[in-house]
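For 100-107, 164-168, 218-221, the entry in Swiss-Prot reads GTP binding site, with the evidence type sequence analysis. Under the heading domain 'tr-type G', Swiss-Prot lists 91-366. Marked as transit peptide by Swiss-Prot on the basis of sequence analysis: 1-79.
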Amino acid sequence: MAAESSLRVATPTICNLNGSQRRPTTLSPLRFMGFSPRPSHSLTSSSLSHFFGSTRINSNSSSISRQHAPRRNFSVFAMSGDDAKRSVPLKDYRNIGIMAHIDAGKTTTTERILYYTGRNYKIGEVHEGTATMDWMEQEQERGITITSAATTTFWNKHRINIIDTPGHVDFTLEVERALRVLDGAICLFDSVAGVEPQSETVWRQADKYGVPRICFVNKMDRLGANFYRTRDMIVTNLGAKPLVIQLPIGSEDNFKGVIDLVRNKAIVWSGEELGAKFDIVDVPEDLQEQAQEYRAQMIETIVEFDDQAMENYLEGIEPDEETIKKLIRKGTISASFVPVMCGSAFKNKGVQPLLDAVVDYLPSPLDLPAMKGSDPENPEETIERVASDDEPFAGLAFKIMSDPFVGSLTFVRVYAGKLSAGSYVLNANKGKKERIGRLLEMHANSREDVKVALAGDIIALAGLKDTITGETLCDPDNPIVLERMDFPDPVIKVAIEPKTKADVDKMATGLIKLAQEDPSFHFSRDEEINQTVIEGMGELHLEIIVDRLKREFKVEANVGAPQVNYRESISKTAEVKYVHKKQSGGQGQFADITVRFEPMDPGSGYEFKSEIKGGAVPKEYIPGVMKGLEECMSNGVLAGFPVVDVRAVLTDGSYHDVDSSVLAFQLAARGAFREGIRKAGPRMLEPIMKVEVVTPEEHLGDVIGDLNSRRGQINSFGDKPGGLKVVDALVPLAEMFQYVSTLRGMTKGRASYTMQLAMFDVVPQHIQNQLATKEQEVAA
């Protein structure tokens, strides 16, 4: 808590780095003057046509800034001479993200954090379109977060780097790349809805990267709020072990504050000064028994992490407050449990204790294992980088953002070492050196120049030309390649064309920049039918892309009907012998190969394996076989969709001393693919979505009937407060286009739904035949 000795606590001050408190001061307009915009580099017409004619462009990150006034009131580094002097010890760094289902209150919570820490001078509201972190026009209009936004603030002498992430499933990539570079996370839950589908998705993403987290049950002021039901859902839906460290005092309109079980005190907000003041009082009498019960459960759980504390507890001696915090921190960082807190960000209650928990329980970079990578020259060799300024520099580029005044900005998490403006770094993935133009600390879409970045920092770099999302930047003399991120494949596509021929080049420029920012967005150009196709994670994702083309690149476009990204696979093993022979005077072409095609588990992708023995196919020709097969995997034999979950095994072959070549074996592999896949029982796969519909009970029958008509499979039913029913179903994506309009119509606008990709499954034969026929007609 910010001031433990005082019963009356005021918090709209920020901690200065020397330990004193200061009030925020209003910035003078003169502070914003003298900013000289730098022109961003544009692509030439020739380079545009080169890119536009390529089969696919896909790279990395976020959005284009509009506000350009740099914030000067937060200096990140104190400079001494020509070197950086760390003003905040690394142990006091917290790199955190805020993640949750859509509308759980992520951005609202972040806005309160920025206000109470003194970073902002007023509270921005999502519903008013004034939230600092939702700076894009589309975000302000729709009231949702589309791109992750980064900022830095301070609390109790700790530096907190925050990334606010989207909750909509279409923008799950933003959550993925944020969690990849964060040390801890706050997972928000709506106290009425509990654990929702996208909450489960982001929880699994955090599990994947081993991110310690704390839970905040938000919206305790809402009708139907139930802290204890949400706590139970954390167990049943997420398989996690919640450690309750706060209890609510009241709920709905009577929600007044929380019981802090660590200190065994109640924290009550009066509603004055936007929640900046609160009282620390004794636990109310009617809640003392319940508080003692949950406090005992908390202590019994945490003393398992310390033998002395356990021994004392068995002898009737409770650990003191400092020991309790230390043990909660230990269990949180080891992911043995997740602390659970509660509050109402919108009503300004519970946010300051949440900030205390970030400082007390979430890890600093020093609390986590050393970052592991590989040697670029020898990928089998593991290299470690410890979080220290004295280590060689190593950082991961996790986001690209276009800025109209600075150009392309590359967001980097610095894991080790120092980075200064004007220095050179090595892109270890590409083996290219890059020069750092400027180092910028970001606050949403405003920026401030800094001279040096140190271990633990999240910084934006200007001037990089060849680095994309997921690539490693490092000291040229000490190269290391860090683990890359996984990017989801698009599941939906639409055809798009500019309304006027004059906009062709402008649209190409826009698509290239948007694809560089967002690795989950792809586009391709089919010159034969003169059509451009854009691909993304859902209808909303592509709708935002088209809207950004219009607003940011001034391109009006005609958009076709959505189409599904199907896949092709095989159902059985087949072996084929293929001989490629061509003789037309001079040196001919000869390659003889035998390839076995085997089905693999769903989600396995493609795998090549060589079982050649005795030099039947020389080693120098095997790469030709690999390349030929890989080229074919993007164009299946049924309807031209990508082929997945197939293992190709080169088992035998022969060659000619004169006529054989890498090209000959590459062409032979193509022929073997066409024949072999047809023999292996080819089949088409379609994306199946997990759909959750929340509807009033009187419309339940209509909803179920409609889902059944869409080839849906009903999995389960559930209840929600207010007489609402929950339908959980699996439905093919092809049947879900424009579903929102249908659902609103049959329920008079009272139902809602969410959906996310669950799996790929076999397409029914009659639909497969229709798709194959359609592809043949297009080809003809």
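Each residue, glycine too, has its Cβ placed from N, Cα and C.
Values in this document were obtained by computation on a predicted structure and should not be read as measured data.
Across the domain 'tr-type G' (91-366), mean pLDDT in this model comes to 86. DSSP gives Thr165 (GTP binding site) a coil state; it is part of no helix or strand.
Secondary structure at Lys106 (GTP binding site), as computed by DSSP, is helix. Ala100 (GTP binding site) has a Cβ environment of 29 other Cβ atoms inside 10 Å. Of all Cβ atoms in the protein chains displayed, 19 besides its own lie within 10 Å of the Cβ of Asp103 (GTP binding site). A simple way to gauge crowding: the CB of Thr165 (GTP binding site) has 28 other CB atoms within 10 angstroms, across all the protein chains here. Lys106 (GTP binding site) is surrounded by 27 other CB atoms, counting those within 10 A of its CB over all protein chains shown.
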